[in-house]
Amino acid sequence: ILSENRSLSIRGAQEEDPPDPQLMRLDNMLLAEGVSGPEKGGGSAAAAAAAAASGGASDNSIEHSDYRAKLTQIRQIYHTELEKYEQACNEFTTHVMNLLREQSRTRPISPKEIERMVGIIHRKFSSIQMQLKQSTCEAVMILRSRFLDARRKRRNFSKQATEILNEYFYSHLSNPYPSEEAKEELAKKCSITVSQVSNWFGNKRIRYKKNIGKFQEEANLYAAKTAVTAAHAVAAAVQNSQTNSPTTPNSGSSGSFNLPNSGDMFLSMQSLNGDSYQGAQVGANVQSQVDTLRHVISQTAGYSEALGGNTMYSPHGLNANGGWHDTTTPSAVISPTEGPGSVHSDTSN
DNA sequence: GTTTATGATTTGTG
DNA sequence: CACAAATCATAAAC
């Protein structure tokens with residue numbers, strides 16, 4: 001009898017004589033969510049995530065890994081608790097049986113009474129199990145709602161991803177519109193989706209334009225980051241006017257990029273950007289670096305922050321009215337540093 | 001707690 | 001459809 005009871009209680013997770021519809025619902029849901037399903041490996045819900053994670057499809061592995069971790073956690077708790085209850089149930093049953101057996105020596109105990117006792121015990125424990133399942137379901141639901149509704153659970157991108165994006169943005173300030181291809185590349189590098197990249201650039205553009213002053217520091221930082229290589233490129237292109245090597249990056253805390261002869265440098269840059277050199281040897285591929293360098297140089301050339309407003313140095317291709325795109329331009333303001341040669345065809349990558 | 005930063009969404013335009 | 005702009009909702013900082 002005892003062994004029979006044990007096996008019954010072990011199996012007894014779902015089968016109660018009255019097939020409680022609520023219980024069935026819970027069980028089905030837990031099974032569907034992969035909580036009560038196969039221990040490891042691929043749950044039904046985890047299948048997609050697993051494919052994304054191992055398949056190298058950078059799409060949403062990051063988003064789902066978190067989800068999966070939490071789900072696993074829930075599953076573990078669920079199983080642990082379930083096991084605990086079963087064990088407790090068995091122990092308690094045994095205990096009661098022993099008690100009854102002992103009492104049977106002093107007074108007659110009918111098998112019916114024993115059966116009744118066992119029934120009571122099992123009902124008690126299965127109601128506990130029900131509660132367990134219910135709360136587990138609840139937890140899964142909450143988890144799901146938090147992860148399904150992307151807007152609710154906003155995760156910041158990793159520092160690294162932000163670095164990469166900013167680097168691209170500030171080194172293409174004159175035309176911060178990555179091509180589809182470039183977006184894909186960025187997405188891959190940042191482990192985010194292409195649309196996330198698009199979102200990021202959309203937000204960045206509008207917010208940069210809205211308050212350029214606020215982004216000056218950041219712009220300088222990222223400009224300085226690539227300034228070394230940019231300086232090299234420019235220096236190679238403009239062989240003259242190279243008195244001193246641009247010193248060390250200087251980890252520009254307050255934009256102190258110590259250029260030796262900024263004025264001259266700036267002039268050469270202008271001519272470079274203007275016409276004379278444009279097509280010759282340094283083509284558009286230097287343009288991005290010119291962008292970045294110009295920023296630094298203008299800083300060094302005695303340009304205080306935004307407070308006054310950027311008159312002469314209306315930053316990079318952004319005409320004084322604002323807007324890279326120039327839709328229905330009310331006034332054609334020509335950026336002084338931007339010569340006749342407009343900047344497009346960026347030769348990304 | 002409040003404020004700021006930031007990713008996502010909605011709306012509107014060409 | 002890509003984009004700008006406004007807006008939402010949350011994360012992170014204070």
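Placement of Cβ uses the backbone N, Cα and C atoms for every residue, glycine included.
Note that this is a predicted model, so its numbers are computed, not measured.
TrEMBL lists A:150-212 with the feature DNA-binding region. Confidence for the DNA-binding region (A:150-212), expressed as mean pLDDT, is 92.
TrEMBL lists A:240-256 with the feature compositional bias 'Low complexity'.
Marked as domain 'PBC' by TrEMBL: A:1-149.
According to TrEMBL, the domain 'Homeobox' annotation covers A:148-211.
TrEMBL lists A:1-22 (among others) with the feature region 'Disordered'.
The region 'Disordered' annotation in TrEMBL covers A:240-260 (among others).
Per TrEMBL, region 'Disordered' is recorded for A:320-349 (among others).
For the domain 'Homeobox' (A:148-211), residue counts in helix, strand and coil come to 42 helix, 0 strand, 22 coil, using DSSP.
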